[in-house]
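What follows is a single structure, written as structure tokens, with notes after it.
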Amino acid sequence: MDSSKSQVYDVTALKSTGEEVENVPTKQLTLLDTYRSYTPGFSKETEARLLRKIDLRLLLLIVTIYLFNYLDRNSITQARLYGLQEDTHVKGATYQTAISIFSAGYIMMQLPSTMIMTKMQPHIFLPGCIILWACVSACTAATSSPAGLLIVRFILGIVEAPFFPGAIYYLSTWYTKEELGTRMALLVCGILLSNCFAGLISAGILSSMAGVGHLAAWRWLFILEGLATIFISVVAFFLLPDYPGTTSWLTRKKELSLRVDWLLMLEVKILGEEEITMKQAILSAVRDYRVWLFACLQMSTTASFSFSHFFPTLIKQLGFKNNTIVLLLTAPPYLFSFIRALSFAWDADRRQKRSPHAAISGLTAIAATIALVAITDEK
């Protein structure tokens, strides 16, 4: 199928019989919808099998990478319990700055990195970002002063920034809009899984590595997690496919339906949309009130992420003295949140109503935060 024909209102749809149907009105249809409409032999079972394959080959790897992304950026919260502040001479206010300065680098790099992503092959760009942040995160183990910690955290924000927007763009080239919602929910839930595993992993490392090689346990935490992330980057380089039209394990399929299906997955735009320049795209986004509304919602949500940076400390303030127990206790709430988030995403897709779930989650967070303040104040 000639992909250049996808830019006009009337396209030529390719039948499985080899015939051509010209001037098909497809303004409101996706490319994949058009293909289905004019291919009677298209098999939903085949499509489902391909989606499972793509989920296992691509989505599982992206979610795993995102899990390590959050592990590396939040290791500082577990390291704090095992002497990071004392060894780096970081006081209370400076620790808060070390947490916040990560976001400064992260925000600064997100837009440029997304533009770069569109010009590079994903199997090179994404693993490259991974190995950069893994090395920077591991370098945290070498810090011994407040200035050193602040510099490393700022650079870590810069090198971690490309992954999430890059992953969203990447997934959008493999899935239709209808299929992308559930996959995005799984990706975002990687944050919750990361926080759940962070407590378990750090408890094992921090409780057993103290003094090994004359290094503090918190330094080993950054070194070992950095090495694990470097390993993931190597795996991603060899296993992460680029785009459907250039992927060997799809293009070598003999069946025309398999080949065309995933070529069409490459374009998930509505037919009839004209190509626009980057300047036009930016101006269109700036003028859309919904973009600003979602920006405000995202800022509020992002602010709540700071909870994870202080969660181990808050648990310790509740009266738990053993640091290993404190870290283990951080896991259950995030596991519950992971299950709840997936159930909300499933129900939202089933009902095609997302605002009620967002409102319920926000109100629950407000109530829980107020209760947390009251409980910790009593202590």
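Any Cβ shown, glycine's included, is placed from N, Cα and C.
Computed from a predicted structure; not experimentally measured.
If you check TrEMBL, you get these features:
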TRANSMEM  54-71  transmembrane segment
DOMAIN    58-379  domain 'Major facilitator superfamily (MFS) profile'
TRANSMEM  93-112  transmembrane segment
TRANSMEM  124-144  transmembrane segment
TRANSMEM  150-172  transmembrane segment
TRANSMEM  184-206  transmembrane segment
TRANSMEM  218-240  transmembrane segment
TRANSMEM  291-312  transmembrane segment
TRANSMEM  324-346  transmembrane segment
TRANSMEM  358-376  transmembrane segment
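Counted over residue pairs 6 or more apart, the CB atoms of the transmembrane segment (184-206) and the transmembrane segment (93-112) come under 8 Å in fewer than three pairs, which marks the two as apart. Simply put, out of 54-71, 93-112, 150-172, 218-240, 324-346, 218-240 has the most Cβ pairs sitting under 8 Å from the transmembrane segment (124-144). By number of Cβ pairs under 8 Å, the transmembrane segment (218-240) is matched best by 54-71 from the list 54-71, 150-172, 291-312, 324-346. Within the same chain, residues 74, 76-78, 80-81, 99, 103, 195, 199, 285, 326-327, 330, 333, 358, 362, 365, 369 sit at least 6 positions outside the transmembrane segment (291-312) and bring their C-beta atoms closer than 8 Å to a C-beta of that stretch.
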